Amino acid sequence: MSVSLVSRNVARKLLLVQLLVVIASGLLFSLKDPFWGVSAISGGLAVFLPNVLFMIFAWRHQAHTPAKGRVAWTFAFGEAFKVLAMLVLLVVALAVLKAVFLPLIVTWVLVLVVQILAPAVINNKG
């Protein structure tokens with residue numbers, strides 16, 4: 001199996017785990033109040049959707065043989081776009097949807113923690 005295929009499978013698993021965390025957190029917060037659940041889901045999607053866009057961007061550029069030094073610039077551009085998209089989604093959730101801050105920020109942090117810890121668990125072959 002090629003390295004790119006392995007990294008694609010790991011990325012898909014990571015995105016799936018993040019989506020499951022968003023859904024689970026939204027369901028748990030909706031037990032208190034349905035709007036808390038919506039707020040939690042919007043906080044999780046503020047991390048999940050930019051990650052999906054970044055993965056699509058990375059997969060699209062993975063097929064090409066880039067020029068020397070271009071990989072770093074492409075990665076930096078994609079990461080900057082991801083952070084900017086996350087900030088825009090958080091502002092929309094707080095300003096437009098009037099989301100409750102606590103479930104939004106808790107789910108946001110949860111998905112970020114999953115983003116950091118899940119690759120170590122996924123790659124652990126035991």
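Placement of Cβ uses the backbone N, Cα and C atoms for every residue, glycine included.
Summarising the annotation, Swiss-Prot assigns topological domain 'Cytoplasmic' to 2-14, 59-70, 118-126. Per Swiss-Prot, the feature transmembrane segment maps to 15-35, 38-58, 71-94, 101-117; the stated evidence is sequence analysis. The feature topological domain 'Periplasmic' is assigned by Swiss-Prot to 95-100, with sequence analysis given as support.
By the count of Cβ pairs under 8 Å, the stretch nearest in packing to the transmembrane segment (101-117) among 15-35, 38-58, 71-94 is 38-58. Within its own chain, the topological domain 'Periplasmic' (95-100) has Cβ neighbours under 8 Å at 33, 35-36, 38-39, 42-43, counting only residues six or more beyond its boundaries.
Here the topological domain 'Periplasmic' (95-100) is broken down by DSSP into helix, strand and coil counts: 2 helix, 0 strand, 4 coil.
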